[in-house]
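Enquirer: What follows is a single structure, and I will ask about it in a moment.
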Amino acid sequence: MAHIPSGGAPAAGAAPMGPQYCVCKVELSVSGQNLLDRDVTSKSDPFCVLFTENNGRWIEYDRTETAINNLNPAFSKKFVLDYHFEEVQKLKFALFDQDKSSMRLDEHDFLGQFSCSLGTIVSSKKITRPLLLLNDKPAGKGLITIAAQELSDNRVITLSLAGRRLDKKDLFGKSDPFLEFYKPGDDGKWMLVHRTEVIKYTLDPVWKPFTVPLVSLCDGDMEKPIQVMCYDYDNDGGHDFIGEFQTSVSQMCEARDSVPLEFECINPKKQRKKKNYKNSGIIILRSCKINRDYSFLDYILGGCQLMFTVGIDFTASNGNPLDPSSLHYINPMGTNEYLSAIWAVGQIIQDYDSDKMFPALGFGAQLPPDWKVSHEFAINFNPTNPFCSGVDGIAQAYSACLPHIRFYGPTNFSPIVNHVARFAAQATQQRTATQYFILLIITDGVISDMEETRHAVVQASKLPMSIIIVGVGNADFAAMEFLDGDSRMLRSHTGEEAARDIVQFVPFREFRNAAKETLAKAVLAELPQQVVQYFKHKNLPPTNSEPA
């Protein structure tokens with residue numbers, strides 16, 4: 001989105017000013033219970049150290065204050081971290097009994113530690129876990145409790161404004177008025193926050209309602225002064241000043257649809273020169289509404305679970321899994337492109353599902369005992385319970401099923417898309433933002449049932465569901481790009497348009513020589529936005545959300 005620099009000329013219909021993105025920060029609060037008592041004459045004096053993992057090494061990130069003589073501390077110092085959904089952010093919390101004033105940790109008694117990912121904490125909002133010693137044995141009865149909170153003001157303010165009897169500035173016409181909104185900057189100068197569009201040839205303009213983040217308009221401070229300037233637009237950039245007034249968000253909140261607020265637009269020069277000067281027109285605030293613009297993290301902290309399903313392509317084009325040239329051949333390192341894709345996506349998403357039980361389905365193979373082709377079978381051969389325990393369970397079931405099936409065809413996606421869509425449709429009956437379904441399809445080739453798949457994806461776009469397709473091997477994946485509606489919205493063969501873009505396609509070959517984290521980032525890049533987009537469209541707030 002283009003922004004007009006401060007002092008530049010606003011085009012008619014200019015875009016809103018201010019940041020259009022949210023830097024997501026998470027605050028972690030830590031407390032301990034029943035900590036080991038390392039002091040002889042008194043209780044321990046614990047403090048907590050947070051370590052983050054960087055290239056396999058633990059790096060100290062921050063530490064809390066020391067709680068004197070306390071085996072059940074609640075630390076007031078918080079840990080603040082940037083949150084990245086598409087990464088596994090490993091954390092280690094270590095507690096020590098302070099013995100000296102030294103900053104060196106080896107000079108303090110170790111009380112226990114706990115390691116997990118940031119995603120694990122965020123998905124539960126609050127966790128309590130046993131502390132472990134360096135030999136992984138329990139640190140007595142010691143426990144650690146970690147609570148997560150998003151550090152962002154997600155409120156947005158929507159203003160609807162008009163003008164009445166503004167000063168005429170053009171010699172042969174009326175005025176072309178627009179408004180600018182300013183807030184006080186840290187340097188004491190006024191900082192431009194928003195500029196409205198220009199309304200041509202009128203002294204009684206009605207501007208389009210606009211929405212800006214509350215933190216952009218007033219830093220979240222409802223009493224902070226806001227300066228509003230009214231100008232007559234000139235093509236040469238020398239806009240003529242009409243007048244100004246000051247207000248605050250708390251004052252503007254008094255405006256309602258039935259009771260507008262009116263502000264006199266004052267030109268100080270005219271006010272000083274003319275004794276009978278009244279004003280240079282009236283600015284009318286027709287309505288002021290504050291709402292919450294919920295983020296992906298709001299929904300996760302609100303208890304939304306990500307329901308993960310894997311669909312694996314077992315068609316003959318993959319090659320015999322015993323042949324090293326086959327895409328299903330498991331190399332001496334115990335992996336292949338299918339397993340790499342499962343790990344890359346699954347290790348992120350499994351942190352956001354409390355029971356970590358994931359259905360794993362296959363398609364395009366002949367199954368024993370009658371060797372009929374199936375496009376929707378449980379790879380653990382248990383159709384009533386296709387669930388695998390975590391990503392490890394999916395990998396084990398995948399490896400175990402390979403010798404027992406015959407690769408066949410064709411490459412039909414629609415049965416598995418419809419399978420997950422049925423569960424997503426059931427979840428909508430709850431009318432809450434508690435479940436969102438993610439289908440990972442890993443395939444080596446061209447879709448055989450493109451019309452049926454297009455129809456299935458268009459129908460799924462109305463549900464709490466996203467589809468990630470990872471293409472393995474070196475086939476032509478042009479059809480997959482067609483399903484990924486980044487450039488244009490997908491339509492079914494009947495002409496029905498998808499409600500939103502829910503497909504993300506990534507060719508594995510582009511990541512063969514990259515770090516494994518790179519694939520996860522690319523594959524999951526659009527998912528948070530898709531989750532938020534769906535729940536917003538359905539007007540479903542996070543389950544524990546506060547009113548604005």
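Keep in mind that glycine also has a Cβ here, set from the backbone N, Cα and C atoms.
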Enquirer: For the feature region 'Linker region' as recorded in Swiss-Prot, pick the matching range from 131-188, 189-246, 247-304.
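Expert: Here Swiss-Prot associates region 'Linker region' with the stretch 247-304.
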Enquirer: In Swiss-Prot, ASP39, ASP97, ASP99 are given as binding Ca(2+) 2, so which of ASP82, ASP109 is in that site too?
Expert: ASP109
Enquirer: Could you check the binding-site residues ASP45, ASP99 and say which one's CB has the most other CB atoms within 10 Å?
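Expert: That would be ASP45, with the highest Cβ count within 10 Å.
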Enquirer: For ASP170 (Ca(2+) 4 binding site), which of these binding-site residues sit within 10 Å, Cα to Cα: ASP45, ASP97, ASP240?
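Expert: Qualifying among ASP45, ASP97, ASP240: ASP240.
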Enquirer: What average pLDDT is reported by the model for the domain 'C2 1' (5-131)?
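Expert: Summarising the domain 'C2 1' (5-131) by its mean pLDDT gives 83.
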Enquirer: Taking the Cα atoms as reference points, how far is ASP176 (Ca(2+) 4 binding site) from ASP99 (Ca(2+) 1 binding site) in Å?
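Expert: Roughly 72 Å, rounded to the nearest whole number.
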Enquirer: Taking the centroid of the Cβ atoms of ASP170, ASP176, ASP232, ASP234 as the Ca(2+) 4 site, which other residues of that chain lie with their Cβ within 8 Å of it, listed in sequence order?
Expert: LYS169, GLY173, SER175, PRO177, TYR233, HIS239, ASP240
